[in-house]
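Participant: Below are the structure tokens for one structure; questions will follow.
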Amino acid sequence: MRKKKILTWIFLTGAVLVFLFPILLLMANSLMGQEELTASYGSVLYGNKGNLEWKLFPLYPTLRAYIQLLLDSPDFFVMFWNSVRQVFPILFGQLLLGIPAAWALGRYSFRGRRALVYLYMILMILPFQVTMVSSYGVLSFFHMLDTHWAVIFPGVFSALPVFLMTKFFQGIPDSLLEAAKVDGAGELGAFFYVGLPLGLPGIISSLILNFLEYWNAIEPPMTFLKTKSKFPVSLYLSNIPLNDVGTSFAASVLIMAPSLFLFAWGQSYLEQGIIASGLKE
């Protein structure tokens, strides 16, 4: 048994190091100067002679790339604010529409309910490329192309939050809801005072997953937006010149930071969401 635990610990430690290595390498490279980056990656970026070198510890750490990005790159702030303007309305809309839909699917029995659940599952696993043409046509009909609504509108109707919150609401014991109704809470009272508090882990986990998805979205904004001033920050890296690789590393760290902090904060909610999504219908 002890030997098995040691092997498990070694395997898990190795897996953690493998997943952390790109993040640590990215952070280390963001602290390197241009000359050191050229020496390390010149053979790949510029076709220089020599070998590719990966360094986890810069020889001469510097904040030059961050200073240049934050003080001399107004496009970064514009795109960062665009991401905020697009992602948070999406999350708000998902709460406004997704919670009632999930409560109805999770707590009420009606004809066609199971078919609707399966439909949400199918829509959830469809890749963007499958629905791209139809979404483009709908957005064009409503004159939303090349506006922030072109990203917000499809995101609000995402199937993932409804499916995930449905599983949480299904797990609420009927006895608690009946007790609330006996105390005079009624249907709405049972929903607000029992359903929402007990379903909060599912709501938070769905918000975290959708924030990660839309904060890092590439294909929808590239397809539906044409004006650079409306691009989200996830498209910023493609606008950085190849000879300014240090700024690319610094921008990558700043773009990744909100997702990392949110993931670290909501890890327990995500675990509950994964468990709930595996419950049988």
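Cβ from N, Cα, C; glycine included.
Predicted automatically and left uncurated, TrEMBL annotations should be read as such.
From TrEMBL, for reference:
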TRANSMEM  7-28  transmembrane segment
DOMAIN    80-266  domain 'ABC transmembrane type-1'
TRANSMEM  87-105  transmembrane segment
TRANSMEM  117-142  transmembrane segment
TRANSMEM  148-169  transmembrane segment
TRANSMEM  190-212  transmembrane segment
TRANSMEM  245-265  transmembrane segment
Participant: Out of 87-105, 117-142, 148-169, 190-212, 245-265, which stretch has the largest tally of CB pairs under 8 angstroms to the transmembrane segment (7-28)?
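Facilitator: Top-ranked stretch among 87-105, 117-142, 148-169, 190-212, 245-265: 245-265.
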Participant: For the transmembrane segment (190-212), which stretch among 87-105, 117-142, 148-169 has the most Cβ pairs under 8 A?
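Facilitator: Of the candidates 87-105, 117-142, 148-169, 148-169 scores highest.
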